[in-house]
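J.: Summarising the annotation, Swiss-Prot assigns active site, nucleophile to CYS267 and lists sequence analysis as the type of evidence. Residues or ranges marked as L-glutamine binding site by Swiss-Prot: SER49, GLY240, GLY242, LEU268, GLN271, ASN309, GLY311, TYR312. According to Swiss-Prot, the feature domain 'Glutamine amidotransferase type-1' maps to 192-379, an assignment based on sequence analysis. Among the features that Swiss-Prot reports, region 'CPSase' is placed at 1-188.
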Amino acid sequence: MIRKERAILALEDGTVYRGYAFGYRGETVGEVVFNTSMTGYQEIMTDPSYNGQIVTITYPHVGNYGVAIYDMESNKPYVRGFISREFSGEYSNYRAQQSLEAFMQQYGVVSIQGIDTRALVRRLRSGGVVKGVIAHRSFTHPEDPYGEFTPAEEQIYVQRARDHQDIDGFDMTKEVTTALPYAFPTLRQGKRVVLMDFGIKHTIIERLAEVGIEPIVVPAHTTPAQIMALQPHGLFLSNGPGDPAPLEYAHKTAWEMMGLLPTFGICLGHQILGLAAGGQTFKMKFGHRGGNQPVKNLLTGNVEITSQNHGYAVDLDSIPNGAFVATHVNLNDGTLEGMAHSRYPVFSVQYHPEASPGPHDSRYLFDRFIEEIDAFDGGNGTPIIKANPGRLGV
């Protein structure tokens, strides 16, 4: 019988799950969330939006197609930890360069397997996300990695989870944004668009380039004057991690830029636009994370299956003067998934139309963005709802 190194997942509510070590041997702490995608573990791990979080994959078997460098969404993993019912030690994929465990060991991703992930997800779904610690026995007891943690040791990790800082009210984009502006290379000349990087995924940049945009990625703290100095045709507000409320510098920039350029926001960028317009955001019980979220396009009546990753949402009713109108809603819980400004060429969605991983139902939004740029009349932007409701449809 093969002996496995012991590990535990200790939650701040006092629950302890006992399993086996995988990946980098050590300890980690973060907010425990779950993702319902059946594939795409590499894209999930390297998505900067997961900064500060320990991700539970609901699909029971993870890692059997290894890791391919071309599928990374950033230059390294940003997850604090990874949880699966079972990780595969072997892989079969002609595109892959290494196994999932080797990748985790290379980048310091502490993981646990062998726990009842169904029970964990039910707990998160009913009680909401919690802080947790993954601890490997070999890290604290290298002389006996196969032994059990004592009840007293488990309680130490429970307390460590409780003491960990909440992500609420904390600016996490400073840990993931680019330090310097850079231009993304394209094969053809197109419309220059400034991409505010709050934790942008590589695939989003690639999708924008595919529709004829020349992306210039800038740091999250970039000012309106610095943006306009680049002489762009449009502005894009990216995805990113954590609570949008403390990003007051971004709210200010989005507010001052509103109406000056056609603007498209995704995920955190969507939330920033809502806050910039005077609205409020709220933390969801367990968020939306996965590739199977149904969203209704209110302009066409069509239903899209979308890829999502967010723990906060915009309260549309809190935005004063009807500045934004709803364009998309989630069919599971009715939360806002998309909105458009009633006067300016500014629109946003809460989900990920680039879908990496996930379905491609919403990629038309990138085409609509370039259409808004082409139609923009130099500052008196045509209303994207009243003038032509179909322009955000399929």
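Glycine is treated like the rest: Cβ placed from N, Cα and C.
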J.: Tell me whether the residue listed as 'active site, nucleophile' sits in a helix, a strand or coil according to DSSP.
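T.: In the DSSP reduction, the residue listed as 'active site, nucleophile' maps to coil.
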J.: What number of additional C-beta atoms lies within 10 angstroms of the C-beta atom of GLN271 (L-glutamine binding site)?
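T.: Cβ-Cβ neighbours of GLN271 (L-glutamine binding site) within 10 Å number 29.
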J.: Counting Cβ atoms within 10 Å of each candidate's own Cβ, which of the recorded positions CYS267, LEU268 comes out highest?
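T.: Of the recorded positions CYS267, LEU268, the most buried by Cβ count within 10 Å is LEU268.
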J.: Which secondary structure state does DSSP assign to GLY242 (L-glutamine binding site), in the simple three-class scheme?
T.: coil
J.: Around the L-glutamine site recorded as SER49, GLY240, GLY242, LEU268, GLN271, ASN309, GLY311, TYR312, what other same-chain residues have a C-beta within 8 angstroms of the site's C-beta center?
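T.: Other same-chain residues near the L-glutamine site: ASN239, PRO241, ASP243, PRO244, CYS267, HIS310.
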J.: Over the domain 'Glutamine amidotransferase type-1' (192-379), what is the model's average pLDDT?
T.: 95
J.: Which of GLY240, GLY242, GLY311 (the binding-site residues) has the most other Cβ atoms within 10 Å?
T.: GLY240
J.: Using a Cβ cut-off under 8 Å and a sequence separation of 6 or more, which residues in the same chain sit near SER49 (L-glutamine binding site)?
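T.: The answer is TYR78, GLY199, LYS201, ASN239, GLY240, PRO241, CYS267, LEU268, ASN309, HIS310.
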J.: Applying a 10 Å Cβ distance cut-off over all chains shown, what neighbour count does TYR312 (L-glutamine binding site) have?
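T.: For TYR312 (L-glutamine binding site), the count of other Cβ atoms within 10 Å is 21.
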J.: Among all the protein chains here, how many other CB atoms are within 10 A of the CB of ASN309 (L-glutamine binding site)?
T.: 28
